[in-house]
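First comes the structure, then the notes that go with it.
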Amino acid sequence: MSTQRLRNEDYHDYSSTDVSPEESPSEGLGSFSPGSYQRLGENSSMTWFQTLIHLLKGNIGTGLLGLPLAVKNAGLLLGPLSLLVIGIVAVHCMGILVKCAHHLCRRLNKPFLDYGDTVMYGLECSPSTWVRNHSHWGRRIVDFFLIVTQLGFCCVYFVFLADNFKQVIEAANGTTTNCNNNVTVIPTPTMDSRLYMLSFLPFLVLLSFIRNLRVLSIFSLLANISMFVSLIMIYQFIVQRIPDPSHLPLVAPWKTYPLFFGTAIFAFEGIGVVLPLENKMKDSQKFPLILYLGMAIITVLYISLGSLGYLQFGANIKGSITLNLPNCWLYQSVKLLYSIGIFFTYALQFYVAAEIIIPAIVSRVPEHFELMVDLCVRTAMVCVTCVLAILIPRLDLVISLVGSVSSSALALIIPPLLEVVTYYGEGISPLTVTKDALISILGFVGFVVGTYESLCELIQPSHSDSSTNSTSAFI
């Protein structure tokens, strides 16, 4: 792998919610050059169906499993409606990013711009001299939030793995073949969930040492298969014998709504996968249709799982719906199967942050120390995600915090501002400016309030939510 310093012309965009190595260069960032991007129809093209599948892959992750709790935090009526609104706004922001990237590509005569490049060159269109002179900070800001997002995903994976394995092991003696009823189980106490996280640490460190995306693509395939099968089994259970929902609140207390926002925007933060997929699509003129179709499917999936999961388990819903599944071998296997998928996905999410941070560090050391420094930095980064997960061992709070801090910036705040600065000098209607300002304000309010409420809940958990929101609690 090349260890040269990251440069604008070398940087390849891996800013997807779930990285898809199949369509990425095997040598990572160092081997990328603008000429390696071929407009669809040349070398590396994808059909509309392949693009749709990759779009679905890039938006479905652990955030999906936390949506039933998110609906609880918003209410049975307000939750699904809010998911629909956030989904529409998120898709609109994806469209803004694609439009601005196309405009700047034509203006600068470049074959492709990733998210960071688009923001950087967009700032160069600003009427402010100071902003133009500091446009390189646009890329740095995108990279910063991308790193926070991807390492935040890794923290979520640590908590998810620990909670699910802990539950399966503690309930092993009481596991039956009867999956008809979701009965209460008295678990056999084992070690603390934080010790489970430490148990996974050495294996995830070794997994992070894989630096070739072609090798990681094998793990990506295994992860996709295991998670797909698990989702089918989860849906199969939650649609059966739904209890009377009359006791569930249509609108939850306002104090928990920011937690809903963080989780929802965490789930919808797949904006980084949009530009690479559009660039590789054979008939790129059809990409907007594929984008809207794919995100419509994802929005329906999110709303249905969130609503049905909350209807099925009510106030007892956990930070991940897998923790509410019955204590029978079939659904215990589902927990393990999904956990296996998450385990392998860790390396793919970690790769994104590693390929931004490591080249800049390794380029400063002598060549014969490059490999050692590379591996040491990878080890340190994995350890950091483990420590953060140990410090915040509640899955719902980790998801909400990551969503509020970084996902809101990438998905809601930056794209509307980018549209304003990109088209400001060419004439932009006041209505568009107003619309973009409202979206950015929505994202910023969610950023501030969601982060504040997540931290408050972390420091001083509310009595009503401390047991139901914690993934450490048992069914």
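Cβ atoms here come from the backbone N, Cα and C positions, even for glycine.
Per Swiss-Prot, the N-linked glycosylation site annotation among the candidates Asn173, Asn224 falls on Asn173.
Membrane topology per Swiss-Prot: Gln50 and Pro461 sit on opposite sides, carrying different topological domain names.
Checking Asn43, Asn469 against Swiss-Prot, you find N-linked glycosylation site recorded for Asn469.
Listed stretches 190-210, 257-277, 289-309 were compared with the transmembrane segment (372-392); the greatest number of C-beta pairs under 8 angstroms is found for 190-210. Fewer than three CB pairs closer than 8 A are found between the transmembrane segment (141-161) and the transmembrane segment (78-98), and contact between the two stretches is not assigned (pairs 6 or more residues apart).
Here the transmembrane segment (397-417) does not lie next to the transmembrane segment (190-210) in space: the count of CB pairs under 8 Å, restricted to residues six or more apart, is fewer than 3. In summary, the transmembrane segment (215-235) lies against the transmembrane segment (342-362): three or more C-beta pairs, each 6 or more positions apart in sequence, are under 8 Å. Looking at which of 190-210, 289-309, 439-459 has the most CB pairs under 8 Å to the transmembrane segment (257-277), the answer is the stretch 439-459. Using the rule of three or more Cβ pairs under 8 Å, pairs at least 6 apart in sequence, the transmembrane segment (342-362) is in contact with the transmembrane segment (190-210). Remark: secondary structure over the topological domain 'Cytoplasmic' (363-371) totals 5 helix, 0 strand, 4 coil, with classes taken from DSSP.
Annotation note: Cys328 (disulfide bond) sits in a strand segment as assigned by DSSP.
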